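A.B. asks: Shown below is the structure under consideration.
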Amino acid sequence: MTPRIRPDLDDLPVYVPGKTFPDAVKLASNEVTFGPLPSVMEAITAAASSVNRYPDNGMVELTTELAKNLDVSPEEIQVGCGSVILCQNLILTTCRPGDEVLFGWRSFETYPLATQLIGATAVRVPLTADDVHDLPAMARAITDRTRLIFVCNPNNPTGTVATAAELRAFLEQVPADVVVALDEAYFEYTRPDAEHAYDSLALHREFPNLVVLRTFSKAYGLAGLRVGYAVADPTVITALGKAHVPFSVNSVAQAAAIACLHAREELLARTDAVAAERDRVITRLRAAGYRVPDSQANFVWLDLGSRAMDFARAGVEAGVVVRPFDGDGVRVTVTEAAENDQFLTFAETWAQQA
Ligand code: PMP
């Protein structure tokens with residue numbers, strides 16, 4: 001006899017992160033290339049000297065600092081071990097088996113995986129032909145079983161964003177008891193024009209069912225330490241607090257995140273270079289014949305369809321690791337000019353040979 005595991009998990013795939021190859025440029029996981037600032041490193045070292053003690057389970061100092069930064073109250077914030085765990089805990093706290101979690105597709109892979117893990121039902125609404133969330137179609141897909149909706153903005157992996165008007169119209173159509181998680185993992189990289197500009201924290205005041213998810217993994221450069229946070233109505237935050245795995249945000253991570261907030265301006269200033277590089281990369285790729293939607297994140301999407309895996313394999317041979325989605329496309333992180341150039345040289349050569 002083998003140990004009995006829930007049979008509905010038999011076809012649940014394991015999350016496969018971007019691969020690493022020694023000596024290759026890694027453009028598969030939307031990380032930043034730079035290590036911690038000296039002030040952040042100092043905080044990490046100082047916190048490391050007391051890892052014999054459990055961390056602050058309430059994450060009070062970090063929560064207070066975030067509240068100050070975001071101009072919300074600490075009761076509206078829940079910190080988690082990466083925003084991925086907050087996605088999972090939102091599903092856990094809103095859904096029972098059979099309830100529906102709605103999201104655009106393709107989007108962040110955790111949404112369907114975590115939904116299936118708890119026995120809820122994933123409802124995927126295809127993106128538009130321009131790879132943008134089809135919010136009117138998502139509104140039409142809401143049923144009386146819908147308990148949670150993810151809107152990933154900018155969307156991973158396409159980098160596309162919804163317009164402010166579409167987002168507002170959507171929120172107005174969602175029943176007030178259905179939670180909408182606005183996943184803003186790449187928020188710091190957005191440079192929206194007037195049509196796409198919105199203030200998610202102001203929207204959360206207007207729509208108490210709106211949860212804003214952000215992370216220290218991307219622009220703040222702490223992917224390896226796992227810190228994310230949710231801003232939401234205290235009702236949702238209380239529920240997320242119940243799902244919080246005790247001590248899961250470790251003391252080094254908490255100290256580093258606080259130090260990053262103290263160095264916020266310096267860290268956020270670095271996103272300007274990525275935003276500029278993103279436009280340059282997109283222009284070059286389009287000139288080489290690729291179909292690439294506008295991106296507001298630190299990555300771009302190549303709509304390669306059935307050629308996605310071939311492209312990624314050739315990339316590895318050329319020393320560039322990208323993130324393919326079989327039969328769909330390839331996501332490529334935008335980092336600093338030299339790495340981006342290495343990728344562009346490969347992509348331009350591949351386009352000529354293909
Ligand atoms: N949301 C989106 C859209 C993401 O792309 C990611 C990271 N890949 C996350 C959430 C999770 O980020 P983390 O757990 O590192 O905070």
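Here, residue 1 is simply the first one shown, and the rest follow in order.
Note that Cβ sites are derived from N, Cα and C of the backbone, with glycine treated the same way.
Caution: TrEMBL annotation is automatic and unverified by curators.
The domain 'Aminotransferase class I/classII large' annotation in TrEMBL covers 23-344. TrEMBL lists Lys218 with the feature N6-(pyridoxal phosphate)lysine.
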A.B. asks: Find the average pLDDT over the domain 'Aminotransferase class I/classII large' (23-344) in the predicted model and report it.
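C.D. replies: Average per-residue pLDDT within the domain 'Aminotransferase class I/classII large' (23-344): 97.
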A.B. asks: Enumerate same-chain residues with a sequence separation of six or more from Lys218 (N6-(pyridoxal phosphate)lysine) and a Cβ-Cβ distance below 8 A; give 'none' if the list is empty.
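C.D. replies: Spatial neighbours, sequence-distant, of Lys218 (N6-(pyridoxal phosphate)lysine): Asn30, Glu31, Val32, Ala185, Tyr186, Glu188, Tyr189, Asn298.
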